[in-house]
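Asker: The structure follows.
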Amino acid sequence: MEGTSAGGEPAELPEVTGSMVPPEPEPIPEPAEIPPLPEPEPEPEPEPEPVPIPEPMEIPPLPEPEPKPIKEELKPDVVVPPKPEPKPEPKPEPKPEPKPKPKPKPKPKPKPKPKPQPNPKEPVSTLRKTTGPSENTGSEAKGLSDNGKGSGVGNANKEGGNTAGSITPATHIGGHLNNPKPPYPQASKMRGEEGSVGLRVQVTADGRASNVQVVKSSGYSRLDNSAKKAVEKYRFSPAKQGGRAIPYTYTFSINFKLNKR
């Protein structure tokens, strides 16, 4: 190795003498010219916005005060109460006509013997006129119960003459027939309607009403209709002639009368 002696000690270096020359200084570069900064352009001042002039508001005209209505003092009308309708005077009930007493039959006079004639003619037979059953009105019925129903109770008078024996007239009287009383209409009861209804009934041989007619009105259609409808459903004891049932025209009356307390 260099610098070491054989004995391992370091070898001595030769001394170098001389003066140290300082190095020349490097020239300082001149500073580069800095261009002047451009002057900033002045910002234009913003023009002030025009202040909008508010348009004058139209003031609506004040509403004219409505004139107060002048209250007229109304005099109350004098209400005249209606005069109550006069109730119809009840019709007097006709008394039943007394049954005529049967007249005694005159004794047949002996026929005179015909005188002999030279030229006798044949005798001409004559027909004897017969009268059918008359339509006499029976006695009127009276309303009995306080529910205002009229009853259908009545009697028929005897009939006219006949050629085949006496006629027993038809009748609607009898508990076995069970005929109800005609209903008293509620409206008639409220109005105080009363009256008598005359009815003509064609009674068949089996005791039914084949035709019912109002021959005498009570003056109120409600009472007439009630009596007619009830009698149309009635059962009758048929008229008999010589023990045989026959058709018969039967006339009787039904009374509608309210029980006044």
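Placement of Cβ uses the backbone N, Cα and C atoms for every residue, glycine included.
Residues or ranges marked as region 'Disordered' by TrEMBL: 1-196. According to TrEMBL, the compositional bias 'Pro residues' annotation covers 22-39, 49-64. As annotated by TrEMBL, compositional bias 'Basic and acidic residues' applies to 65-76, 84-100. Look at TrEMBL and you will find 101-114 tagged as compositional bias 'Basic residues'. The compositional bias 'Polar residues' annotation in TrEMBL covers 127-139. The domain 'TonB C-terminal' annotation in TrEMBL covers 169-261.
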Asker: Could you give the mean pLDDT over the domain 'TonB C-terminal' (169-261), rounded to a whole number?
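Answerer: That region's mean pLDDT is 89.
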Asker: As a quick check of your reading of DSSP, tell me how many residues in the domain 'TonB C-terminal' (169-261) are helical, how many are strand and how many are coil.
Answerer: 18 helix, 36 strand, 39 coil
